[in-house]
Structure formats: structure tokens, C-alpha cells
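Here's what TrEMBL has on this protein:
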DOMAIN    A:18-440  domain 'DUF112'
TRANSMEM  A:16-47  transmembrane segment
TRANSMEM  A:59-82  transmembrane segment
TRANSMEM  A:107-133  transmembrane segment
TRANSMEM  A:145-177  transmembrane segment
TRANSMEM  A:260-281  transmembrane segment
TRANSMEM  A:316-343  transmembrane segment
TRANSMEM  A:355-382  transmembrane segment
TRANSMEM  A:388-408  transmembrane segment
TRANSMEM  A:415-445  transmembrane segment
TRANSMEM  A:465-487  transmembrane segment
Amino acid sequence: MADFFLQALNQVGNPAVLALITIGVMFGIVGGSIPGFTVTMAILVVFPFTFAMDPVSGVALMIGVFVGGYSGGIVSGVMLGIPGTPSSITTVYDGYPMAQNGEPGRALGIGMLASFFGTVISVGVLVFFGPLIAGFSMNFRPWEITALIVFALTLVAGLSNGALLKGLLAAALGLLITTVGYDRNSNLRFDFGFEPLNSGFEILPVMIGVFAFSQLMSNLEQLSDERATSQRVDTKVAIPYRQILVDLAGQKLNTLRSSLIGSLVGALPGTGGTVANFISYDQAKKFSRHPERFGKGIPDGIVASESSNNAVAGGAFIPTLALGIPGDLPMAIMMGVLILHGITPGPLMFEQNPILVGAIYVSLLFGAVIMVICQLMLVRWFAKISLIPQQILVPVVLMLCAIGAYALNNNLFDIWVLFGFGIVGYLLWKAAVPLTPLILGVVLGNNLERQLFRALELDSNWLTFLTRPLSALFLALAVASVVFSILQNRKINRNLKAQGSDA
Amino acid sequence: MYRLTKDRALALAMLLLIAIMLVESGNIPEKTSWQPYGSALFPRILLSVIGVLAAVILIKSLLTQPSPTGAFWPAIKAYLSNNRKILLLFALFGLYAALLPLVGYIAATLGFLLLSLALLLGIDSRRKWTIILAVSGTLVPLVYVVFRFGLNVWLP
């Protein structure tokens, strides 16, 4: 353990990789601080730059973006009152009032340090639980892996804002996309006589197309709805270091609790920073001696929010690395990076690529340190950058997406794939279809089919999926997640009807 | 008389997709003697799942009365009049993809950035012109240099 950790430290600690982490962190903070840009978009834009890199450098750059992105949301949250990312919504509840009370530097400083502690604690959770879960999942055979993937997809679909049917539909569509082209038996499927489809769709252009177009166009639609309120913001912020150290000294328990909540939530498929954010804010309020002060600019609220959303970073790596199943969109893209570099995330990764696993741990830690230094030193600049209008951002990001899709294989057809799936993603978004299950389906489709057929080749009886205890458990959990989601949807609809009749 | 709504349009589009894919799945080679199941099984399972879900969405939407604002064609009309810029941006991107192999990265990207920034920002002041020219003029060569010399990727 210590040996491969030292080797990983040696690889990540070299100046070139550290520079990449720094670039990633800074880009992530910028991405996170621009309202509507999101961590996922920042990761997608940087992804193509990793093509020519070795795995450690590529992963280190992406982790930098990941860590920076989750902490970047605080800048616009505090300065503008608009969360830069959905995972920093509750940061606004206390960060913005504190800034309005004349203490923006204090709010930012508390948030930045809480982000740092959140990331570090989550790395501890990852280092402890990652190998344990990976060791346990080494016993999984094709039946268990198939059932686990089905469970992950139903869970993500069920958590899609009350749109269970559409979530399941999206997941199945994502899986269907992966069936285009030659299969593992070299049989051609769904090529429609069109040669470029023979090799199927690359994951990257599909993911970028579906996510980026819908996200960017929705940002533009919101602009035309709101008619952009031009806000004058004072970006001259000074961090009161002594004050924030005193503030954080009184928040040890809150920081630990919120970080653990963030790590746990991050490890669950389909949840992510937004859920972690709300749960830990709610818990901090419940445990507080003065809950009435929440929402008025109290350090407790900022600490709960920022430590939990950054702790998602470490937690989210647990299922991705240990089981090969990404829990959310940023992790799905991270898995794409690993696959692109010829590494298959999963339990075997801990045996076959221990140095890379160690490099992920070390990159997260270095990323956290670099993030807090960059944030504290360059906060004024990040505040200014967060004011870049969407009208400039959208064409630039679209151009980078096109070049990124092309650079994957030097193939112009991939730009058409990006465009086609961009239109599909946008139309699905307009029809209120959640896109996360679709993207997870695209990432997991090939593995699901491979495992399903391996299971059926070993034993052609479908009932084996129900007679093996773990496989049966995962399938039961999949059914339970669907039933739970149906019941919850009914409850929400009943409440909405009751509110409607009251009004 | 049933009206077209978003959900109904989605369900019908999915059912159409399934019909096309099912016909095309007939071209997938049959299983060989050593395979327990053929290559068409997995996509057909998925098509069945999508079919059932689309049918449930369609039936559910037919059983509930659509709200006046949920009607499809008025919503499309309102969308087209409110979001012309978004549609034009899609068209510009399509044009960009088509022109890339013909005129090369620099001319196509410069054209795309200039036109799309002008479309979204407007060109009614000198300041906006300056921003459009500065962003396009800086980014196009910068991205070229990063990809060509930093990442060793030849752009078209």
C-alpha cells in the first residue's frame, strides 16, 4: 500500500503533473463560478485535452477540474447571489446575506476552507472504503455485475425529479445507442447501410452532444426569459484570515458531519453535490443551537454547504473505481477518460493499476491544497470571470466541443455525431426527459451487454439471476427503487393537488 | 378529439423509432450453433422496454386532460417566435460542421465564432464589435496552437 502510494506521489509530484492539476483547478473554479456553466461542462471542455496525455497526467488534470469546479460555485453564490453550480445552492442561503452585510471576504474565506476540509476528509473515506468495496466486489460474477448495473440505472432513473418513466426511457435509450455498430461477435447492427456507423458511436461526442447542447441552449433560453439583469458587483474582496480561522475553529463537528454526509451521498448513484448540499444544510440546522439564524448569514450554513459538496468528489470515486459504475455525470465522464486511456475502472483496477489508483488519491489531495491557495489568492479574478455573459460563453464552448469531438480520432464524422446528439438531447430536454440516465446508459451499455451474455453463456437459464443471492438482492433493490419512486411521485402529486385546491 | 402534447409527441416519436429499429434488427445475423442467444437479443430487449415505457407514457397522457398551456402546436409556435436565436445557433453549428472539411479549421471556426457571437450579443455598438473581434481573433489561433503544437493534433 505505502509502496504504490509513494510511487504515485512520485508521479503526481513532478512539476508537469502539478502544473496540470493547477490548470485544472483554475479552470474548474472558473467553470464552477460562472452561473449555468456547471462542473460537468467544465470537465467536458477539458476532456479532449487529455487525449494526448499519459493516464496519470490526464486523470490528474481532470481531477483538478473536478475539485476546482465543486468549490467554484461559491464565488458567484456569495458575490451575485446566484449559485455557480446546483451543488452550491445552499451556500447562497448564508453566503449572500453575509456578503450583503459587508463581509463578502469572510463568506468566501469560510467557504473555501470548508471546501478544502471537505475534499480532504472525503479522500480519507475513499482511501478507506475504496479498496474494501473493491475487495468485496472481486467475488462478483457476471450475474451480479449485470444486476448491479440494472440497479444503478433504475436508481438514477428513479431519482430524476419525479420523472421515473422518462428516466427509465432515457436509460434504455442510452443503452440502445451502444448497440450500434459491430458487436462482440463481429455482427453488424443498426448501420442502415451507412459505413461510418460500422464502428458505432464514440462515447465522448454522444455525451458532449447530449449534455452540452441542452445545457447551453437552456442557459440561452433562460436569458431570453429573464432579459439578463445587469448587476454591478464590487469584486474588491479582502479575506479576513484571522476571523475565518476563528469561525472554523467553532465548526469542527459541523465540518466533519457535513463532509461525511457529502462522501456518503457522493458514493450513491444518481445523487451528487446538490443532494449532499441540502441534506447537510438541513442537518446542520437541526443540530444547531440557534437554527433561527440560518439563512441570515451564519458561518454554520456556509460550512455545511461547502464541505459537503466538495466531499462528494472523494465519495463519488468509490463506486466508479471499486465497482466500475459511475454515480453521476462528472464521474461518467471521468470513467470515459479512464476507458479512453485503456483502463477499465472496476475492482481489478486496484490490482492491475494500483499506481493509477494511488495517483487519483494524491491528485485529489494536491488538488484540494492547490484549490484553496488559488481561491484565496485569486478570488478577485474569479469574481470578475464569473461575470462573463452567456452570450460569449455559449459559442466559445460549442466551438471547443466540436474541436474536442474531432480531436478524439481526427474524424469529422464525430462532429456530426455531436451535432445529431445535440439536437436529440435538446429535444429530450424540452420534453422533460432527464438526461443523466441516458448518459449513464451510454457509458454502461457495452459492459451490461457483455456481462449479460457472459452470464448466459455460462448458464443459459435466466432464473440463475434470481437464485444467486447477491444478484437477486441487486435486482430486488432495483425493483424497490422503482416502487419507492412511484410512491414518492404519487405523494408529490397528491400534495400538489392539495395545494391547488387550497389556492 | 385528442390534442398533441409534449408527452404524446415523445411517446409517438419513441414508438416510431422502435418500429424503424425493429425492422432494421431483421438485418442482424442469426445466432450460430455455439451461441445461446444471437446478437439481436439485447437490442430487442431494449426496444421492448422502450416500447412498453412509451406506451405507458402515451396512455397516461391520454387519461389526463392536458392543460391549455400544455398543447403542442401553440407551444411550438410560441417557442419559434421566442427562440429564433437558438434555432439560428443550431443552424450555424450545422453549417460550421459542413464547412470544416471544405475551408479548414481557421476560416470555418472564425466564421462560426464571428457569426454566432454577433447573433447572440448583437452588433449595435462599437464595444460589442470589439468584444466579438477580440474573442474570435484570440481564441481561433490559441486553440490551433494548443492542439497542433501542445497536443500534436492536426486540425482540418
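For all residues, glycine too, the Cβ spot is worked out from N, Cα and C.
Quantities reported herein were computed from a predicted structural model and do not represent experimental measurements.
Three or more CB pairs closer than 8 A are found between the transmembrane segment (A:465-487) and the transmembrane segment (A:145-177), so contact between the two stretches is assigned (pairs 6 or more residues apart). With Cβ pairs under 8 Å as the measure, the transmembrane segment (A:316-343) is packed most heavily against A:260-281, out of A:145-177, A:260-281, A:355-382, A:388-408, A:415-445. The transmembrane segment (A:59-82) makes no contact with the transmembrane segment (A:388-408): fewer than 3 of their CB pairs lie within 8 A, with pairs spaced 6 or more apart in sequence.
The transmembrane segment (A:355-382) makes contact with the transmembrane segment (A:107-133), as judged by at least three Cβ pairs under 8 Å among residues 6 or more apart in sequence. Counting same-chain residues at least six beyond the ends of the transmembrane segment (A:388-408), those with a Cβ under 8 angstroms from any Cβ of the stretch are 34, 36-37, 41, 44-45, 47-49, 51, 202, 204-205, 208-209, 212-213, 216-217, 219-220, 223, 228, 340, 414-415, 417-418. Scored on C-beta pairs under 8 angstroms, the neighbour of the transmembrane segment (A:107-133) with the top count among A:16-47, A:145-177, A:260-281, A:415-445 is A:260-281. Non-local neighbours of the transmembrane segment (A:16-47) in the same chain are 53, 56-57, 60-76, 80, 82-88, 204, 207-208, 211-212, 215-216, 219, 222, 273, 329-330, 333-334, 336-337, 363, 366-367, 370-371, 374-375, 378, 382-383, 385-386, 388, 390, 393, 397, 400-401, 404; each lies 6+ residues outside the stretch with a CB under 8 Å from one of its CB atoms. For the domain 'DUF112' (A:18-440), the predicted model reports an average pLDDT of 86.
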